[in-house]
Amino acid sequence: MLLARMNPQVQPENSGAGPGSEQPQRKRKAAELLVVKERNGVQCLLASRDGDEQPRETWDLANVWRFPYLCYKNGGGAFLIPYTLFLVIAGMPLFYMELALGQYNREGAATVWKICPFFKGVGYAVILIALYVGFYYNVIIAWSLYYLFSSFTLHLPWTDCGHAWNSPNCTDPKLLNSSCWATIPRTPSTSSRRRGVLHLHESSGIHDIGLPQWQLLLCLIVVVIVLFFSLWKGVKTSGKVVWITATLPYLVLFVLLVHGITLPGASNGINAYLHIDFYRLKEATVNIFFLGCWIGVLIAFASYNKFDNNCYRDALLTSTINCVTSFISGFAIFSILGYMAHEHKVNIEDVATEGAGLVFILYPEAISTLSGSTFWAVVFFVMLLALGIDSSMGGMEAVITGLADDFQVLKRHRKLFTFGVSFGTFLLALFCITKGGIYVLTLLDTFAAGTSILFAVLMEAIGVSWFYGVDRFSNDIQQMMGFKPGLYWRLCWKFVSPAFLLFVVVVSIINFKPLTYDDYIFPLWANWVGWGIAGSSMVLVPAYIVYKFLSTRGSLREVSSGPSLGEGGGQHGRGHPESFPLG
């Protein structure tokens, strides 16, 4: 049956290298791809996705608002030692694994597990995690859009205390001494953020979130509309948008870096950023892997690559660029923080922070003191907006592709399904733009994609390396690119990376601390809700294993080893490559 569907004009490989042999070789490649696809239990031509190769993402908001602070907090220059080590033994190997999985099987996060049906729950867990992240990530983009709109004025609204939203004790930053700066949120920028944007003073906690803020509601609507029209036709539209959102931030970062290092006090900030402190490295191990989790997103994007695309090159290049960008962004951030510390005559540790406090309070305040502050504010928030949209598109594409590939009715009505996903994330994001919405967002940011995503990556590594098999996976890669992964990659996939991930998962659970936001301590029930959110995705992995075991006949080895039993493999169930000669 396989040979009957192959093109009869396929010629041997040694049929010549001249111009006349190009057409037969192209036909041979098409036949090879068809055979590979049929062995995966999917009776369709690969050409349906060729030509829609998706540009790879290289960095996101975490590079700007999380990495520089974590580097400073966890030993400065010394932090780069374990960061680079864990990148090499876990980050790059798993990045490579995901790209190869998606590209070879040409499926989303769920259906890619036809290679090992027992682990399909990993795909569903990834999709749910991406959906959770979408609930609050779009809110961060809405904040950026709000600040961008607010920047189109000659007098930035967070520069002084003359506004209705300012607190009674609002004070010009230049009049604050170091003790006030470190302990009392009295600056106009802080007051603008907490009272003017979030209306946090009107909420007493997560139990009292109130109603959505209409300004943020309008921004959220704009964000969701942009995302919908960027995704509704698949990579044909999202690929074009990504070319802008993934490249524009580099230009902006370069401009901010060049300007930042010329400011007074910038050298002090950079010295603090790079200062080596080996003692503080003891806190670094749990934080590192949160900086580079693309699980699910890579599988979805790689499924649109050409079958013979060099995903090994992509894995090395993209992960390296991402980490180098993280490191370089630290210079742009800490040059500004050094400038602020110099201006207010305080220590770097008094102004250094991460997350929303960095990009929506400290950086805007620093920008407001520069010549041409309106221009710099617009440039900075355009960068945040581009990074946010780029990151959110990746997560939503993982959800849409993952479920559409699994349920054909969704694929046939992709535009309607994309609208449903976009609208669903919009509705749940409303909880994050209420007067107490920052508490909901903090809860989701901590639990939705923390330990749960590490657990999902761990199970993915186990499923591919131990159940599907490193040798079979290596043969798949050889069929795509003409060479097998080296011994180093195979050892990492099977032993080093899973061991490291298991260690990080265990440590992240042991070292968990009750949730807080500034001085607010979350009630105990909120922490349990958070763990419930984390557990809701993790439980899908064992739940699907139990379901598959009870619903499928055959031995445990047969059920877990491939698509021939229950995943549509039929008589073309997956076997070793040598069982299917391509010629």
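Heads up, the Cβ atoms here are built off N, Cα and C, so glycines get one too.
Bear in mind that TrEMBL entries carry predicted annotations, made automatically and left uncurated.
Annotated Na(+) binding site per TrEMBL: ASN63, ASN322, LEU387, ASP390, SER391, in sequence order. The disulfide bond annotation in TrEMBL covers CYS161-CYS170. Annotation comment: TrEMBL describes 1-27, 560-583 as region 'Disordered'. According to TrEMBL, the transmembrane segment annotation covers 80-101, 122-149, 214-232, 241-264, 284-304, 316-341, 361-387, 416-441, 447-470, 491-512, 524-547.
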Outside the transmembrane segment (447-470), six or more residues from its ends: residues with CB under 8 Å to it: 94, 97-98, 101, 113, 115-116, 118-119, 122, 125-126, 129, 132-133, 135-136, 289-290, 293, 295, 490, 493-494, 497-498, 501-502, 504-505, 508-509, 530-531, 533-535, 537-538, 541, 560-562
Beyond the flanks of the transmembrane segment (241-264) by at least 6 residues, Cβ under 8 Å: 54-55, 57-59, 64, 230, 270, 325, 328-329, 331-332, 335-336, 338-339, 342-343, 370, 376, 379-380, 382-383, 386-387, 389-390, 393
Chain residues outside the transmembrane segment (122-149) and at least six past its termini with a C-beta under 8 angstroms from it: 61, 108-113, 197, 215-216, 219-220, 222-224, 227, 295-297, 299, 356, 360, 364, 377-378, 381-382, 384-385, 388-389, 391-392, 395-396, 398-399, 402-403, 406, 421, 424-426, 428-429, 431-433, 437, 440-441, 444-445, 448-449, 452-453, 455-456, 459-460, 463, 533, 536-538, 540-541, 544
Cβ atoms near CYS170 (disulfide bond) (within 10 Å, other residues, all chains): 19
Between CYS170 (disulfide bond) and ASP390 (Na(+) binding site): CA-CA distance (Å): 36
Intrachain residues whose Cβ lies under 8 Å of the transmembrane segment (214-232), provided they are six or more past its termini: 138-139, 141-143, 145-146, 149, 197, 238, 241, 389, 392-393, 396-397, 400, 414-415, 418-419, 422-423, 425-426, 429-430, 433
Position of peak Cβ density within 10 Å, selected from the recorded positions CYS161, LEU387: LEU387
Pairwise Cα distance for CYS170 (disulfide bond)/ASN322 (Na(+) binding site) [Å, integer]: 39
